[in-house]
Structures are given as C-alpha cells and as structure tokens.
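This report refers to the structure that appears directly beneath it.
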Amino acid sequence: MPLLEVDDVVVRFGGVTAVDHASFAAEAGRITGLIGPNGAGKTTCFNVITGLQRPQHGAVRFADRRITRLPVHRRARRGMGRTFQRLEAFGSLTVRDNVRVAQDIHRGPAGLLRPAGADVDALLDRVGILAYADERADSIPTGTARLLELARCLAGDPKLLLLDEPSSGLDESETAAFGALLAELAAEGRGIVMVEHDMALVMTVCDDIHVLDFGRVIASGPPALIRTDPEVQRAYLGYADDDVTQEIDLEQVAP
Amino acid sequence: MSTLLSFTILGLFTGAAYAIAASGLVLTYTTTRVFNIAHGAFGMVMAFTFWDLSQRQGMPTWLSLVLVLGVIAPATGWFVQRFVTRGLGEGPVSVSLVVTVGLFVGLIGLAQYIWPPEPRTLPPFLPDRGVEIGGTYVTAHQLITILLSAVVAAALYLLLNRTRIGTAMRASVDNPVLLRLFGGNPDRVASLAWAIGVSLAALAGILLTPVIGLSYYDLTLLVINAYAAAMLGRLKSLPLTFVGAMGLGILQSFAVAYLPTDGNLAGLRAVVPALFLFAVIVVMPQAQLRIGQVKGIVSAPVPSLVRSGVGGAALLVLVALLAVGMSNANLLLVGTAATYAMVMLSLVLLTGYGGHVSLAQFTFAGVGALAYAKLDEPNLYGLLLAALIAGLVGALVAIPVLRLTGLYLALSTLAFGVLMDKLVFQADFAFGFNGTLPAERLSVLGHRFDSLGGYVLVMAAFFVLMAVGLLVLRRGVLGRVLIAMRDSPAACGTLGLDMRWFRVALFGLSAGMAGLAGALFAGLRGTIGAADFQLFNSLPLLLLAVVCGVTSVTGAAMGGIGLMLLPVLQSYRPELAGVVFAVLGFGAVALGRDPNGLANQLFRLGHLLDRRFGDRVRSAVPLLPLPADRVAVDEDSEVPLTEVGAHAAARG
C-alpha cells in the first residue's frame, strides 16, 4: 500500500481543467518526482493533496486513510508537510522563530508551556541555514527561504514531504548538498514528492517520476524510462523522434 | 390588498436603488479586490454635489445629472483608483479596509466642511407626475428608479459580455498578471471599474436622497444595505446581487408595514439590512486559504520586559503628577484618553498582531460598560466580569463566521455594531431609548477611588498592566503563532494549526480588553448611555490607531491621546469640525499602508537622537540609564530600524 495515493482527481477553474483525472502514488522511503511543463497542474495537485483546493472529483488517500474531505490542518497532523512555490515563510519572524512556531504548532496546546528546545538549531543546521538563524525571514535569499520552509516542515517530523520547486534559487553546490539531504530524509523512511524543474536533480535523486501535461498523467516510471518516453518528449519539446540525442535535450530543459 | 401592493412598490423602489449601488460595489470589488467601504460615502458626496449644482447654483436638473454622473463621479473614481487604492487588492485585507475606512471618514469630513449642516431638500424627479396602479399611486420618481435599475443591469450585462474591455474586466477578476501577459491593461480596467462604480454610487445616492434626505450619515450608512445585497451574490454575481437588493428592499418595506411600532421589537425595523447581512455571511461557504498573497506587514519591534516596565512606570509618574495639578475637567480628558488608549490596545492585539479588522470596537467597549453598570458591583470582581462578558460577546460574533476570513469577519463586526446600536443598546433592558445608566467608581480591595485624580491613576495603571501583558503575550509562544497566522495562514494550516478557534479566542480577548476599557470609562463618567459607544465612533478609532501605529503599545498610547483631542479641537474651532475628520481620514489613506504608523517614526527619531547625542548626554550625566526620549518611548528594536523603514519604503 503506497503512502500517498491520488486517485482520479479532477480540478476545474471555470472553463479550464487544471487537473484532469490524474492518478499517481508515492511510496514511503522513496523520492517521487512530479514534473511537467508550466501550467501542467503540479502545484494544483499539491493543493489538492494538502487540502487547500477541493477537487470536483476523485479521492486522496494518505497512510491508508481517505483524506479527501479533511481540513488542511488535520491532514498536516497526520504527518504531511509541504513547501510552497511562492514562498510562504513568516516574513516578520526570524528564521529561528519560523521553525520554533512550527514546533509550537506541532506540539499543540500541551507544548505551549514548554520552551522550544535546542533542536530548532539542529534542524537549521541540518538544512544548512544555521548562519541565518537570527535574520528576519523576509530578508534572506530565495533559495535559503526554500530551505527554511523545509526545516519548518521537518519540525513536525512528517511522514510525507511535498516540496514545490525546492531547488530554485540554489546554486550548483547547494543543489548537490540538497540532493544528498533529500536522499538522507528518504532513507529515514519519509516519503518525498517533489515538483521540480531542475531535470538533472530530478533524474539523479528521484526513484519514481510522474509526468503531468495539461492536468493528465502522461507517463509514470523510473527516471531511465521517463527519459526516453516519446510522450514526455512531445510534451516538453513539442516533437518526438527516436534520435538518442533526445536524452541530452531533455536534461537541458530548464524552467 | 392595496397596502400590500403599495409597500411592495415602495420596496421595489428602495431595492432598485440598492441594486444600483450594490452593482457598483461588486464591479469595483471583483475587478480590483478592494472592498470599498466608502462606496456609500461617495454616493453621499455626489448627492450633495448634485444638490449644489441643481439647487444652490440653479442649473437645470438634466445638466447637473449629466455633470455628476458623466464627469465628476467617474473622474473621482478614476482618480481614487489611480492614486489611492491601486495595488491594494494584492495586499493584506486589513490594509485595504483601513484605507477605504479612511476614505469613508475623510469624505464625511469633507462634506461637512464644504456643506455645513443646514436643512437642505432635494425634490424628486418629475415631482407632480405619477400613475395609478391597482389603486396605488406610484410616483414618477419611483418608476424612474425602478426603470433605471433595469437599465443599469442591462448596460452592465452588455458591457461585461459584449465588449472587449468588459471581457478584460472579467479576465482581470481571475488573474491580472495573466491579463497583462496577453496584452490587456489591468490598470485601465481597474480605473474604468472604479469610474463606473462611483458613478453608480452617485446615481443611487441621488435617487434615494428625496426619500431619506440629504444627511451625511444616513446616506453613507446606506451602503450597509448595498453590502448585504452584494454579499448574497458573494461579491461576484451581479444577477444575485440584484435579487438580493430587491429582496432586501421589499423585506425592509414589509418590516415597516407589519412589524409593531412600539415595544422591544420596534428597533427591528431599523436593523433588517444588518440582520440580512449577518444571515448571508453566516451561510457563506467555507473560504479557501489564499496562497501567494503579498505580505507587507512589518511589525514594530518588541521591547524587553525591563524596558516596558520602565516606560510604564514613567507613564504612571507622569499621570500622578497630572492628577495633582490638573483641574477636574482636564482630568476627565486624561481618563478619556486612557480609555481610548486601552481600546486601541485591543486593536493592537487584533489588527496589529492578528491582522484582523474590527469596525465596531467601541461597541464592545459599550458591552463592557453596560455589563459593569448593570452588575452594580463596583469592584475588581465586577470589572473583570464585565470584561469577560464583553469577551464572550466578541467570541460569539466570531463564531458564526468561523469559516470565513478577513473581509467577512470585518463586515460581520459592522453588522454587529448596527444591531447593538439600534436594537440592543436602546432597548429597555439596556440603556433605554436615549437613556443613561448610573455607574459607580471602582474600589480595589475595599479602597474606593473617590477622587478623580486617584481614579484616573487607576485607569493609567490598567493601561500599563494591559500593555505589559500584551507585550509578554507577544514575546511568548502565542504571540509567535499569532504573527505566523497573520504572515501566512496557508503555511500555518499546512503545519497543522486549526486557526478557527484561535481566531475566536483572538476576537474574544480583544473584545474583552475593549470591554474592560468601557467598564472603567463607565466608572469615570458616572453615567453612561448608548451615545457614548456609537458604531460610527469606532471608525475614527480604527483610523487613529493605524495612523499612530497599530503594531505597538506606544502607538496605542499616542492614538488614545489623539482621539481624545479630536472633540477638544472641534470645540475650540467649530468651523474646523469637518476638516479634522477630513485630515484624519485622508491621513489614514496616506499612512494606512504602513501599520507601524507614527510611533515607528518616533522610534526612528529616538534612535537618531541617541546616535547623535546619546553618548554626550550619558557622559554628562553618568547616572542616566537611558536618554530621556527613549524612556518615554517604551519600545526598542531587535531589528535595525533602517530595515523596517526600507520595507515600508519598498511597499510604498
């Protein structure tokens, strides 16, 4: 039984169908990539999974439970954490306080009286932004803020991490370190679903990939298979042929 | 049968006028995401302008109408969108509400200044004409109004569905960025929407004036009826808005016809629109959390506990000195300022920390005062119970709208304020119609503060206690969570926070603080009545709180003094009465985008002086722990203030 199952989900905005009968799954302990051209419905899928968007049709199952109708916060309490494409850091708090708030929320009313522990700094260190701990979250670079959102999620010790374009704003060496961190997090048994435009990163760290185009899942499988899938080629490049150079082309598709 | 018919026609007439006003409101809101609280105020000013042209200057009616509806109103709308409300739609709803409340108050002030109070009448259109329908005489004015509402509906339909700019308008509702990418111009669309919107407000105002008279407040507050109608269409659907307006008009007319004219239910007739608004808000579907909002609120720095203690002590010493030397009349003013400052503290919690807006904070103070007077327990127990009751009432207002956010919560406080004003406060079990209640001075632990000076000192002590308590809360876990909720509700939700009960608790706590202030005020004055807590006074309160700085305790203190000074200023120079409000309103329009307000400028000045002269002063007087200007200002920064300024500048 997969950790997360998205089953036949449909989301329409007026006349536009953003997600069109999409079904995919993500396993615990594995990194699942969700890729596709701009406007393919990736972020909308995340919104459906986390409860920010109610689907017109379909179901979401998480840890063997149907959660389609649960409110946002109850899904989070079941062990779901997410980051945002357009940043949602708490701008007027410091980086450290951002993570502290997440911890406060995770502990609930019982934790209100306990002071937040030193583990906050350990988390910041883990994602590599301890140096920014005392800066206000609206004054740090974008890449750092994305890592902050990740640290904030981790404060709740989630079973499933949904990362929306986590590597944009990171330089090459930071991206490499980030990839290693993801592998570590997955090795701890967490499921990770990642929307990402950096194909090199996706192809190296992901175990499974689902490709969305116009709201439909057009391909699913391990990176090696996705790389050569003619449907995917067509979605990304507008054409497909059997030329082997396609492999290289696909890796060069940048956001 | 003919009464039914005549009241139905009367209802259709008012409904038609509401429909015209409400469709303007919907148009501006959908295209720019700015809910124009001042919509009715624009209608009021335009009705006065029409009176000025057609009656005072004697222009022909048709020419005045063309000038107002075709030139002055659209130009005003265009100007306001261009220079006042532009870009507000993407920001926090608290900012756009404050700015339009600023317009609301400023326009009333302006109208009072240009057209000082005196009896004015505006004749209806074609005053001598009319037709008999089924034994009921229908005036030409009524017919014209109903006809015009149909014309407006048809014209809006054609504009939105059959023209390019109309298509662009509908597109900008969904996504202004995308519209720009496809070569549209969201700014032009927004200006046009506001031009039409103000024009429709003007038309509604002009049509209603012969019936309800040329009054600054009645015409302005008529918008509540328009809000109620627009809310039925969820601020989106024009057809539903028309249905809502007509339904409300008829309902109101029937209430006048069939509800009793005396007894406790008499007040019901006046609050039909507020009840309607409340009912519609309650049945609204769950609001979805918005992501990708522009975040703009930068909090003022939080001082250390020691520093707030020093500031509080300094304030108490100052008030004690005043208590010795001042006349009773002036002491009463100090006590009033303390009351206002405490009510503003409740806004620091709600708006400054929480990001929510209450348009009826004085009403909660009134609940506290009423409870204190009724309990007749002039001691700490009675005081706290009064605050608790006000807090419960505040929570009750928030519970029905649990699922909703921002704008709807603010509008429900407005509806609540109208209900309390017209129905509850004036009822026999409360203050009574134009009545007052006696309230005794507070005694603390058996000691009764009979002297005015002593009582004012107690009030100042309560202000300091509340302020320090608020700062402790802000520094702790709850304060952090509050700020997080304000900065990003979506992130809080996905981190597992159930924000609904937090919001109720926040509203309750804030209302409780206002209630405590009201109870103390009752003791100060000795007698209190409904007139002390009118809904309309809550708006200047909100504005002054924001202008002075709604994110800091210092701002609340400054705001309290400022609000106390307003009527004093007016009594010195009565001819400036309108100007004072105009300055306040338009000041809020100018400063509303920076909720840190003037208090923040004071902090910056303090830092500047400290950097310049601090060392010299300290070396001259070695015992001085802090420069004097920093003691008075009880806050200090964790964040370099230049940075706060930079953020404010970046947003401005």
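Cβ atoms here come from the backbone N, Cα and C positions, even for glycine.
No curator has checked TrEMBL annotations; they are predicted automatically.
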Annotated stretch (transmembrane segment, per TrEMBL) among the listed ranges B:92-115, B:212-235: B:92-115
Interface present between the transmembrane segment (B:576-593) and the transmembrane segment (B:542-569) (three or more C-beta pairs under 8 A): yes
Listed stretch, out of B:331-350, B:381-402, B:452-473, that has the most CB pairs under 8 angstroms to the transmembrane segment (B:265-284): B:381-402
Winner by Cβ pairs under 8 Å against the transmembrane segment (B:504-522), considering only B:59-80, B:331-350, B:381-402, B:409-432, B:576-593: B:381-402
Beyond the flanks of the transmembrane segment (B:452-473) by at least 6 residues, Cβ under 8 Å: 302-303, 305, 308-309, 312-313, 315-316, 319-320, 322-324, 326, 328, 331-332, 334-335, 338-339, 341-342, 345, 348-349, 441-442, 444, 479, 513, 516, 520, 523-524, 553, 556-557, 560, 634
Distant-in-sequence neighbours of the transmembrane segment (B:576-593), which means Cβ under 8 A and at least six residues beyond its ends: 84, 88, 91, 95, 98-99, 101-114, 116, 296, 540, 543-544, 546-547, 566, 569-570, 648, 651-652
For the transmembrane segment (B:381-402): best-contacting stretch of B:59-80, B:331-350, B:409-432, by Cβ pairs under 8 Å: B:409-432
